Amino acid sequence: SAQPKAKKTLGKSGVKNVVVVEGVRIPFLQSGTSYVDLMPHDLARAALQGLLTRTSIPRDVVDYIVYGTVIQEVKTSNVAREAALGAGFSDKTPAHTVTMACISSNQAMTTGVGMIAAGQCDVVVAGGVELMSDVPIRHSRKMRKTMLTLNRAKTLGQKLSLISKIRPDYFAPELPAVAEFSTSETMGHSADRLAAAFGISRLEQDEYALRSHTLAKKAQEEGLLLDVVPFKVPGKDTVTKDNGIRPSSLEQMGKLKPAFVKPYGTVTAANSSFLTDGASAILLMSEEKALAMGYKPKAYLRDFVYVSQDPKDQLLLGPTYATPKVLEKAGLTLNNIDVFEFHEAFAGQILANLKAMDSDWFAQNYMGRKAKVGAPPLDKFNTWGGSLSLGHPFGATGCRLVITAAHRLKKEGGQFGLVAACAAGGQGHAMIVELYPQ
């Protein structure tokens, strides 16, 4: 009789194993809806409280809190600390905030992994938050200079003299843009160029986006999105589910005009992720601490890598570069992976990555590799929807990817999941998630 295949194990001797005990997120909402009057730390606090409620972890057991965010609210620049205090964590628990564009909460998690592996901490809460409904808009530089000088002016004469110098153009505001600082190109523009470079049609992008919305709707209706916790919005109703999931028809999607490259572009509002408000939180522990406290971990966080490329030419190809690297690090192949959770910034970006991963030519000419890594099979790929449909609060998506991978592994009986994402600045991340033995 055939010998059962020996199970692969990835633990490293002498290094503490890091486990995911639980992960939650408040519903991801289209910006300008129910969270419109809140501040980012309100959303982060709600996610932290959801995690506390679900795990019953004593608040003073948490050694450290680290949160990711991208567009910072000026008043709460260390949003991790403000949210932690608001959620009732011990004021003795340090907290810091990281930023790495769309992989900010990935960075928060791997910072926690490093702290636990190094023996600094046993219990870390990581997470991320973004509130696109209210972003800081600055006065012009001239106006800022004038106001700062005015603040120091002693006499009424000095003040009036400064005020008299203000001109109408001083009042033009500076708006934050989802654009590359180094190239001044918006991300949508980059996505359009990427789709064109890989020959991905508008129809293919619309079909992929429709798949994302359809699968998300099905997962939502079947109660598979277990990470979502309800959030009672002050002065409003309790929000219980993501509100951006909208399966349309290819015909309806086909009517939309190009959003970035007009009139010939293929990236539209229907095949791009939308501006989203949301927050997530994940409880990480050393395996021994989790078991000592009586928790049943969901998954191990195993090997991870960060990559970066030229932000002009290869802004959104992070998963293509990170996937073969993380597989090699873990001694796995694409065939060992049961569940793929990739961040969907744009349908064109996902399809371009799948094509690049399946191209020997790209591997040899751009990546210095002998052969392609291969494209993930779609029947294992983002089968509960993705950022195109569930939404993408920049700072919070990484935790959603990881906890979804863990839940899918449990539901589908797989062992290894691969999480990957691209980020502004031409950066990227990939991580191996392993189901905890049941």
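Backbone N, Cα and C atoms are what each Cβ position is placed from, and that goes for glycine too.
Feature annotation from TrEMBL assigns active site, acyl-thioester intermediate to C102. Annotation comment: TrEMBL describes H392, C422 as active site, proton acceptor. TrEMBL lists 18-288 with the feature domain 'Thiolase N-terminal'. Annotated domain 'Thiolase C-terminal' per TrEMBL: 295-434, in sequence order.
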Requested in this report: Looking only at the domain 'Thiolase N-terminal' (18-288), report the model's average pLDDT.
Outcome: 96
Query raised in the report: C-alpha of H392 (active site, proton acceptor) to C-alpha of C422 (active site, proton acceptor): distance in Å?
Result: 12
Report summary line: Cβ density check for H392 (active site, proton acceptor), other Cβ within 10 Å (all protein chains) comes to 27
Query - Tertiary neighbours of the residue listed as 'active site, acyl-thioester intermediate' (same chain, Cβ under 8 Å, six or more apart) - result: V70, H343, A345, H392, F394, T397, G398, A421, C422, A423, A424
Query - Secondary structure tally of the domain 'Thiolase C-terminal' (295-434) (DSSP, helix then strand then coil) - result: 57 helix, 37 strand, 46 coil
**Report entry** C422 (active site, proton acceptor): tally of other CB atoms within 10 A of its CB
**Finding:** 36
